[in-house]
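Everything on this sheet refers to the single structure shown next.
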Amino acid sequence: MTLYRSLWKKGCMLLLSLVLSLTAFIGSPSNTASAAVADDIQASVMGPLAKINDWGSFKKQLQTLKNNGVYAITTDVWWGYVESAGDNQFDWSYYKTYADAVKEAGLKWVPIISTHKCGGNVGDDCNIPLPSWLSSKGSADEMQFKDESGYANNEALSPLWSGTGKQYDELYASFAQNFAGYKSIIPKIYLSGGPSGELRYPSYYPAAGWSYPGRGKFQAYTETAKNAFRTAMNDKYGSLDKINTAWGTKLTSLSQINPPTDGDGFYTNGGYNSAYGKDFLSWYQSVLEKHLGVIGAAAHKNFDSVFGVRIGAKISGLHWQMNNPAMPHSTEQAGGYYDYNRLIQKFKDADLDLTFTCLEMSDSGTAPNYSLPSTLVDTVSSIANAKGVRLNGENALQTGGSGFQKIEEKITKFGYHGFTLLRINNLVNNDGSPTGELSGFKQYIISKAKPDNNGGTGNKVTIYYKKG
């Protein structure tokens, strides 16, 4: 009997142990289960690039978006429209009409202060240059970019022009003054950081001879840019002798310090991995970092007290030539992205949200494209997560079906705070009827969003980013 009781007791203890272990296993979330979108995620749609001419049709489209759970529409507020008449001569009437239409539909409105040119890039269907009077404010050498072959690019003001910050500050101030009355429908504001609204150089521009999957070209060949590079190197090392020691060169004058004279050779001959190459690439990115700090500070100064919402900027998804053995990461570096860790830290320092693109794309890392967009999304997202930088996403090209599933995977895995789809006509026809893609967008993206319980008037976060 004693033996029976002992065995029975041991059996009960074993059973209890198994039950407790099973309970602990069930109660502990797996890595997959713990991955989730952010609590405040919202789904948004990008409006047309060009001006609205048929407001009746546009309002029907907006109503369809609202009825299907879309939170906000994101809009380029073109500098070339609002300040075209002259310096500090603003006309915001078109965008007030636009905001009224959005408000009437019960949607939120996310403006992008678009200080870049529209036209000439993938997906551009309009031609909106920068205000023409800008040319009287400085020299072309100061205000424009110039690439390896001498092509001068005026898609956006060069960050190296001393007047860039002042012009943006005046634009931001006027926007805040004119749209303070619309703050109930503005949950976020985006800043254009450069070409196509992205914080980058205009390295891949078809008019300059670029075509996919070309690496693009460095944009540091104005005298202003060359002198800035020389000054930065002299400041870093303290003297030409110390520069020569670091680089293993025999320069006799600071004027002999130049950006790479042969962009292809810079990679194929290994120059990118030399002390000189690393210094150049680091400086080249630092120009963008400083620019982000300038526009971020101006935006916070003008917007925080008026709107009290998050402000964001954009990094481009330069996903090709990433694993090219002869030119690794050459496309990213021509665009100004050398060290993502350092660049994303600047977003943290400037208190800006980060938007990234190409969430719908899959890797295909073979020649000639060497394209790794999914890997790039993971890299950027992981760094942002580690630094506590809020993430928002967008598609690079028109998408649907499996692309929506890929987007769902990324926004869930990395806790994205929102997603904006390019572009409204992909989801809604001009007569307001849904396209075949709207159901997929609802299933995979809108279904992740949180209901707006503020009657269309509360401030929440949404997102926008421009192509990759």
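The backbone N, Cα and C atoms fix where each Cβ goes, glycine too.
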Same-site Ca(2+) binder from E148, E155, E170, E198, given that Swiss-Prot records E83, D87: E170
C126: disulphide-bonded cysteine as recorded in Swiss-Prot, out of C12, C118: C118
Packing count at D87 (Ca(2+) binding site) (other Cβ atoms within 10 Å of its Cβ): 13
Sparsest-packed of the listed recorded positions (E198, H319, N395, R423) - C-beta count within 10 angstroms: R423
By Cα-Cα distance, the member of recorded positions D87, E170, E198, R423 nearest C118 (disulfide bond): E198
Chain-mates of E83, D87, E170 with C-beta within 8 Å of site centroid, Ca(2+): G86, N88, Q89, F90, P131, Q167, L171, S174
C118 (disulfide bond): secondary structure state under DSSP, collapsed to three categories: strand
CB contacts for E170 (Ca(2+) binding site) [other CB atoms within 10 A, all chains]: 16
R423 (substrate binding site) to E394 (active site, proton acceptor) - Cα separation in whole Å: 10
Fewest other C-beta atoms within 10 angstroms, as judged across C118, C126, which are the disulfide-bonded residues: C126
